Structure formats: structure tokens, C-alpha cells
Amino acid sequence: MLTLKACLHIAQYTGFIVGQVTNSCLLFLILTRAERLFGSFRHVMAVFAFYSLLYTWIEVIAQPVMHIQQSMFIVMLDGPFQFDIATGNEVTSLYCASFALCISLLAAQFLLSICGGLQVLLPDSLDRIKGWRLTLIFIPRLICFAAWFACVYLGMHNTVEKQKFMRDVMLENYDADITQESFIASLYWTYKEDGERILRWWDIMGSSGCTFILVLCFSTILFCAFNIYYKLKSAQAIMSAKTRKLNRQLFITLTFQTLLPFFMMYCPVGTFITLPFFEVEVGQLGNYVGAAAGTYPAIEPLIAIFFIKDFRKTVLCKLYFGKIATKKNLGQRKKRKTDVKFNPSRNSASRTSSDIPTSSFH
């Protein structure tokens, strides 16, 4: 019988394999098809696609197991590679920080995709973001990465008290001796024997910092989405039929680009950090966060591939003509076999040569 932990790792491996395919496909389309469509914006799309490829490697190396117990959550390293505890704690912190870089790059991509959408109305809207100016958009993303790493490494570090708090739970649910494992965790408070609550401010500040970055990135996406929606809505009257069609495609793309990360990245992680504040125990269900974060990079490229018309046409044409070519080759092979089978001269020649005894040549 499959355990929840085994199902989690299957989802992570699946996300890794599919993510390599979808992101490689998107990266190829960006490098070969996107210059005419997006200009300098293609560089940001390419960076995000390349980082998604890298992020799937980080996910499959870390393969984190997550759990919530009372006022504490834990992210434990459970990948195929063995590290000593100190190094593993740093790897786990880097894994968490890589998630921050992923969501901040997503916000940057979304911000520039909004500018790309505004080109429908303002053709020069992306001209101001070219060359060296384009690199400036990545500086806040690196700051988010460093800030998240600091919040996790300093505010959620591995301690003996946290090991004692989670030892029995992790042994029962995951057959893991937490004292021998690498992990990061936030324990928001503990209780004295008389029931008095002792707040743990370092853990609270670390989690609050991560939550702030999370809210900031998603607020950027929401602000940009509503902004472009209302601008395009107000310009409906002056749009041509072709532009209105493009407007509709853009709106559908924006909808999916907003909802998918919300349900697979922002909401799960935000809920995972917040629930221990209210001592809501979800136990092993906390692993939905790891499964969603592991599979999101595999799904996200499909939005761009199938909602950008030129990308969709390229992929579907290659699939269609590839199938036609395969059927044609099979048809030619069957025809050759039929010719051999029903050609009297070939059959008689074949029988004659095969029926002559070997001894007759001596």
C-alpha cells in the first residue's frame, strides 16, 4: 500500500520529468519564435523558463516532507542525496529561498507581460525597458531570495527544542528520527507547566518576513492584472475586431496566470505558514504544499504554450505533421510487405532458391 510520503515523492518526480519537457519546449519556442512577438520581453520569459528547469532539479534533490503540529510547522529534507545535518539545514534553507526567487520571478514576468499587453494600446510601452534597464528588474528578485533565506536560516533554524516537540510525530507518520534529519521549522510558542504561553519571537519574525514577501509578490500580480483589465476594457470602443480578439485572448491568459499560482504556490504556502498561529493541525495534509510547489513549474509553461497563438500553432503543427509522417511511413512499410507477399516473380524466385538442397551445389 502506498503511503502519503510515497505519493508525495511520486508527484515530485513526475513534476520533475514533465517540467523538464514543458519548460524545454517553452524555452525553445521563446528562443525561436518570440523575438517578433515580444521583443526584449522574451529575455525575461527565457530567464523564467530556464529557472523553472533549475527549480525542478532543486525540488527533486530536496524532496521536502512537510507537517503541521499545534503551533509548529516543519520542512524536512528527504531527498535521494545524503548530507550531514548542518549542510542539510543549509540546503533546506536554500530550497525555501529558491521558492521565493521563483514567485518573485513570476511576479516580474507577470509585470512585463502586462506591459506587453499594453502594447496593444501603447506600442511604445516596452521601449523604455530595454538593454541594461531590463537587468534592473532582477535586482529586487535577488533581494527577495536573500531576504527569504535570512528569514528561514536565522528565524527557523534546527534546535533541540524543536526536535523534542516533533520527535514522536515524525517517527509515527514518516518513520524518521528527527534528531538525525535536516530540517527548518517555526515554533511560534510553547507552554509552561502552569499553562502560560511563551512566545518565540525569532520564529515569529522569520515567518512574518516570509509572509510579507509572499503578499508583496502576489499583490504585484493582482495590481497589474486589474490595471491592464480596466485599461483594455475602457479602450474597447476604439479597438478593431482583430484587437478585440487579441484582448479576449489576453484576458483569458491573465485569468489563468493569476489563478494557477494562487492555488498552487501563494495560497498553499501562506496557509502552511499561518495555520500554526491558530494551532490548526492538518498533519500530513501539509504535504500538499510540497506536491503543489513541485508540480507547478511543470504546468505553468502550458499556459504560455497554448494561449500564445504562434506557440500553439508551432506545437500543434509539429505534433500533427509528426503523426502524418509516422502514418505515411507505416503505410509505405505495409505496401512494401504487400508487394513482396503478392509478387509472383519474387515469390517463385524465393521458393526456387530456398527449395534447392545445399548438396546440389557440391
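From the backbone N, Cα and C atoms, a Cβ is placed for every residue, glycine too.
Per TrEMBL, the features are:
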type	residues	note
TRANSMEM	12-32	transmembrane segment
TRANSMEM	44-66	transmembrane segment
TRANSMEM	97-122	transmembrane segment
TRANSMEM	134-156	transmembrane segment
TRANSMEM	204-229	transmembrane segment
TRANSMEM	250-273	transmembrane segment
TRANSMEM	285-308	transmembrane segment
REGION	335-362	region 'Disordered'
COMPBIAS	344-362	compositional bias 'Polar residues'
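Taking pairs at least six residues apart, the transmembrane segment (204-229) and the transmembrane segment (134-156) share three or more Cβ pairs below 8 Å and count as touching. The recorded stretches the transmembrane segment (12-32) and the transmembrane segment (285-308) share 3+ CB pairs below 8 A when only pairs 6 or more apart in sequence are counted, and are therefore in contact. Sequence-distant contacts of the transmembrane segment (134-156) (same chain, at least 6 residues past either end, Cβ-Cβ under 8 Å): 40, 43-44, 47, 89-90, 92-94, 96-101, 103-105, 108, 111-112, 184-186, 202-207, 209-210, 213, 217.
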